[in-house]
Amino acid sequence: MLGLKEKICLYGFNNLTKTLSFNIYDICYAKTEREKEDYIKYIDEQYNSERLTKILCDVTEMIGAHVLNISKQDYEPQGASVNVLITEEALPVALIDPSCNKGELSYLELRDSVVGHLDKSHLTVHTYPEFHPNNDIISFRVDIDVSTCGKISPLNALDYLIGSFDSDVITIDYRVRGFTRDVDGRKCYIDHDIKSIQDYIDEETLKKYDAMDVNVYQSNIFHTKMMLKDIGLNNYLFNSDPYELSPNDRREIRDRISKEMIEIYGGVNIY
């Protein structure tokens, strides 16, 4: 959980904006055109707007916020987007803008209590399937942004987000912007202790990944990259059994998947 060793008594509303940008990459080996098409269809169905909405609503609950409005869309030929407007405190229905749907979907209950509207607090998710006809490696990227103002922090949902997707490579950015004031009028540019994003990820999860930080502490910018250590071919072959392949083929495919992950992890073409 977030917090300072010594609590700061703030004057008025906490104006700090905390933004978490979370990108995961799922890698797959698909040799034939049919396998590529089937994988894209599978991913498109597996991570459609309905499921993504459920994930964002779970995140909203985990960080202690409340849904004001949801907009979602599935795209053709593939991809999906969801945007959720949230509030730190639940609003009485009479105070909610009539254009907001209050997240009234089949798996949500309408909450009606207390006050406080944070119109810059939101969650968004977009999906990006990617493949090339000359390449047997397919990737699928999920881009999630969680932006909050007030006391709530998006860092509390990191483990859930990592576990919600097949996360082979992960890039996470966290920044704090704006300032708030204490009761003496002194500006405060961050309201919690943080040395690394990794501090908010479960140790058992971190053991599965190689991780690296690039932080700019004086600017309240934190960046973590993670790459899965174990490449088990059964998790990367789509509709194929690795034991039906020769040892040389398995070695070659594992090597190609590893190179693809290293390039995505480093953000540069190497091989």
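Glycine residues also receive a Cβ, built from the backbone N, Cα and C atoms like all the rest.
These numbers come from a predicted model, not from an experiment.
Per Swiss-Prot, the feature active site, schiff-base intermediate with substrate maps to S121; the stated evidence is sequence analysis. The pyruvic acid (Ser) annotation in Swiss-Prot covers S121. Sequence annotations record features per position, and here Swiss-Prot assigns active site, proton acceptor to H126 based on sequence analysis. Residues annotated as active site, proton donor in Swiss-Prot, with sequence analysis given as evidence: C149.
When the alpha carbons of the residue listed as 'active site, proton donor' and S121 (active site, schiff-base intermediate with substrate) are compared, the span between them is 6 angstrom.
In this view, the residue listed as 'active site, proton donor' is surrounded by 20 other Cβ atoms within 10 Å of its Cβ, with every protein chain counted. Cβ neighbour count for the residue listed as 'active site, proton acceptor' (all protein chains, 10 Å cutoff from its Cβ): 18. Classification of S121 (active site, schiff-base intermediate with substrate) by DSSP places it in coil, neither helical nor stranded. In the three-state DSSP scheme, the residue listed as 'active site, proton donor' falls into the strand class. In three-state terms derived from DSSP, the residue listed as 'active site, proton acceptor' belongs to an extended strand segment.
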